[in-house]
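Student: Below are the structure tokens for one structure; questions will follow.
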Amino acid sequence: MLLSDRDILAAQADGHISLDPWTPEMVQPASIDVRLDRFFRLFNNHAYTYVDPAENQGELTEQFEVKPDEPWILHPGEFALGSTWEYVKLDASIAARLEGKSSLGRLGILTHSTAGFIDPGFEGHITLELSNVSTLPVKLWPGMKIGQMCFFQLSSPAEHPYGSATTGSHYQGQRGPTPSRSYVNFYKADITD
């Protein structure tokens with residue numbers, strides 16, 4: 001069940017959903033707007049000749065911080081990691097989805113490549129996979145609305161929520177834009193017959 005504005009407010013009051021800072025004015029009819037933090041990670045193109053999700057490529061991205069009153073310029077075709085200003089915490093009965101803002105999409109800004117789903121039990125800043133698919137550079141301002149989260153009530157609480165010992169939760173408690181940890185417990189099925 002997708003939560004309405006009144007359900008989001010009730011879930012926050014009951015401790016099922018937490019966003020810090022909590023700003024009730026960000027609540028929309030069936031979502032809550034989230035804002036952009038001032039930290040970004042860019043690919044260090046000179047450190048590696050390729051990307052391998054099975055390897056720890058610790059220097060693949062480099063973190064940058066902009067001043068709160070200065071924009072980050074995302075150039076055409078560029079990809080960067082950002083994060084929400086809000087620290088998000090979901091209990092075992094709530095899952096969420098991050099979606100982009102329509103107004104930014106119309107400027108060519110994508111807020112996530114594939115990872116828009118947020119598991120029940122997650123807590124941390126949401127890492128954004130920012131892309132500029134327009135033909136012009138776009139200014140991204142710290143504190144601006146960058147996306148919206150919608151919330152889903154599970155039919156029953158997750159038995160093993162994100163962050164539990166059995167789920168291999170690589171991003172629990174993440175602060176700021178967090179690089180890929182795909183190499184941790186990398187899985188590749190044997191597909192030979």
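Note that Cβ sites are derived from N, Cα and C of the backbone, with glycine treated the same way.
Pasting the feature list from Swiss-Prot:
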type: ACT_SITE; residues: Glu129; note: active site, proton donor/acceptor
type: BINDING; residues: Lys101, Ser102, Ser103, Leu104, Gly105, Arg106, Asp119, Thr127, Leu128, Glu129, Gln148, Tyr162, Gln174; note: dCTP binding site
type: SITE; residues: Gly116, Phe117; note: site 'Important for bifunctional activity'
Student: Which of the recorded positions Lys101, Gly105, Glu129 has its Cα nearest to the Cα of Phe117 (site 'Important for bifunctional activity')?
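Tutor: Nearest by Cα distance to Phe117 (site 'Important for bifunctional activity'): Glu129.
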Student: Whole-number answer please: how many Å between the C-alpha atoms of Lys101 (dCTP binding site) and Gly116 (site 'Important for bifunctional activity')?
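Tutor: On Cα coordinates alone, these residues lie 13 Å apart.
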Student: Tell me the coarse DSSP state (helix, strand, coil) of Gln148 (dCTP binding site).
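Tutor: Assignment for Gln148 (dCTP binding site) reads strand.
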Student: Looking only at C-alpha atoms, tell me how far Gly116 (site 'Important for bifunctional activity') is from Glu129 (active site, proton donor/acceptor), rounded to the nearest Å.
Tutor: 9
Student: State the Cα to Cα distance, in Å, between Ser103 (dCTP binding site) and Glu129 (active site, proton donor/acceptor), rounded to an integer.
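Tutor: One finds 17 Å between the Cα atoms of these residues.
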Student: Among all protein chains shown, how many Cβ atoms are found within 10 Å of the Cβ of Phe117 (site 'Important for bifunctional activity'), not counting that one?
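Tutor: Excluding its own Cβ, Phe117 (site 'Important for bifunctional activity') sees 12 Cβ atoms within 10 Å.
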Student: How many whole Å apart are the CA atoms of Gln148 (dCTP binding site) and Glu129 (active site, proton donor/acceptor)?
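Tutor: Each residue's Cα considered, Gln148 (dCTP binding site) and Glu129 (active site, proton donor/acceptor) end up 14 Å apart.
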Student: Please report the three-state DSSP label of Asp119 (dCTP binding site).
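Tutor: DSSP assigns Asp119 (dCTP binding site) to coil.
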Student: Secondary structure at Lys101 (dCTP binding site) (DSSP, helix/strand/coil)?
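Tutor: Once the DSSP labels are grouped into three classes, Lys101 (dCTP binding site) ends up as coil.
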Student: Sequence gap of 6 or more, Cβ distance under 8 Å: name the residues on the same chain that satisfy this around Glu129 (active site, proton donor/acceptor), in order along the sequence.
Tutor: Phe79, Leu81, Leu110, Thr111, His112, Ser113, Thr114, Ala115
Student: If you count the C-beta atoms lying within 10 Å of each candidate's C-beta, which of the binding-site residues Ser103, Gln148 ends up with the smallest number?
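Tutor: Output over binding-site residues Ser103, Gln148: least Cβ neighbours within 10 Å is Ser103.
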Student: Looking at the recorded positions Gly105, Gly116, which sits with the largest number of other Cβ atoms within 10 Å of its Cβ?
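Tutor: When each Cβ's neighbours within 10 Å are tallied, Gly116 tops the list.
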